[in-house]
Amino acid sequence: MEGLSLVFGEYELAYYGVSREQMVLSSCVGYASALIFGTLLGMLSDLIGQKKICLTFCILHIFVGIWKRLVSHPCVWLASVCLSLTNSIYLFNFETWMVIEHDKLGHSKDTLSDMFWLMTFFDSASFIGSQMLANWLVGNNVEQHLVSPSTASVLLAVISLIVVSRGWKDSSQTAAFKDYSRSLYLCLIDDKRTWLLGWAQACVQFSIAVFWILWAPTIVADGREVHLGLIFPCLLGARMFGSTAFPWLVGGAFSVRTEDCLMYMFLIAGLLLSIVAYDYQEIGVLVALFCLFHACIGLILPSLARLRTLMEGTLDKSHACIHRYVPNEMRGGMIGLSLVPANAAIMLCLVQGGYYRSIENSTIMAFAALGLLSAACCMHLLKQWGKQLHRK
């Protein structure tokens, strides 16, 4: 569903006569809604249950798909808001739900680590499949079949809605909002590692968003003709390849500490984006750098999820957090809060770089590289603080 709504992107908007300024403004509205409402949805998922938020995810996709089918010139802002909210739900809700269900079934932590990298692997595979499905549905007649992917998205959303509503019991929390907010506040105050890991998560999401906004303009610079549709699956394939390295490096024969693995991957990804920021013009070099970057991302995403799980603990009677990063009952809210600086930074870059054109694309790419390098520093501090806690 997420892939089908993003396959054609700006081409679909341009087909409906949307100007460049309108595209930028609609993206800003979408990230603003994710900044405000997406964060609240993360907390809401902890209070009312991940199942209801998942159903909301499906309903939003159904609404956008039907809207595009019925209206010849759909409202760009409305679609941007709905899809931004679904993207926020996609980032925090499914991981939280999977961890909670995993603990209910009593599986081991090693099994959960395998699920993390499999999520990243099949995530990329499904995006490649959505591109193939969209291209097959549209065919050679774009004018008549451009809305066909929306129909497929609605169909998938309806199937998911039925399966989720019948297949799982509700996992809503029993804590009141006052107790939840107090516990969340105490966890954020008592454990400074929360801020470090949250900042690392924000830097990753910011760099990923910046990449997908700027990768095509960077490759087609100076009017070069490139088959972007062929490069897109290569990038996702590189992410799949990176995710397969996770069980070897973290839990396999190498057994690298998670913080060390993340620190090195952040350093490499930051250096790769810094090279791109210097505007290398050779297409082959750019594609190679992009693929290496996505291989790093494929390893970073499951490693961050594993680190969130490894740093769990228990709440005492006063609801204080004891050596714990993400309690299950607050996981969605904490991940949602970590996305706040990422969404704010993306919105700022869109306004200054896309609308006012006061900063260059290379400068925005350099900011993303600096963010990844700062995330590497956060992982180094987490490792040092973890050693201190272990000695105590």
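Using the three backbone atoms N, Cα and C, a Cβ is placed for every residue, glycine included.
No curator has checked TrEMBL annotations; they are predicted automatically.
Per TrEMBL, the feature transmembrane segment maps to 23-41, 76-94, 115-134, 146-164, 195-215, 227-249, 261-278, 284-305, 334-356, 362-382.
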Apart from its near flanks, which chain residues at least 6 from the ends of the transmembrane segment (146-164) lie with a Cβ under 8 angstroms of it?
1, 4-5, 7-8, 12, 15, 51, 54-55, 58-59, 61-62, 64-66, 68-69, 133-134, 137-138
Touch test for the transmembrane segment (115-134) and the transmembrane segment (284-305), at least 3 Cβ pairs under 8 Å:
yes
When counting Cβ pairs under 8 Å to the transmembrane segment (261-278), the leader among 23-41, 227-249, 362-382:
362-382
Hey, does the transmembrane segment (362-382) touch the transmembrane segment (284-305), meaning at least 3 C-beta pairs closer than 8 angstroms, sequence gap 6 or more?
no
Residues sitting near the transmembrane segment (334-356): Cβ under 8 Å, six or more positions beyond its termini, same chain?
21, 24-25, 27-28, 31-32, 34-35, 38-43, 88, 91-92, 95-96, 184, 187-188, 194, 197-199, 201-203, 205-206, 209-210, 213, 308, 325-326, 363-364, 367, 371
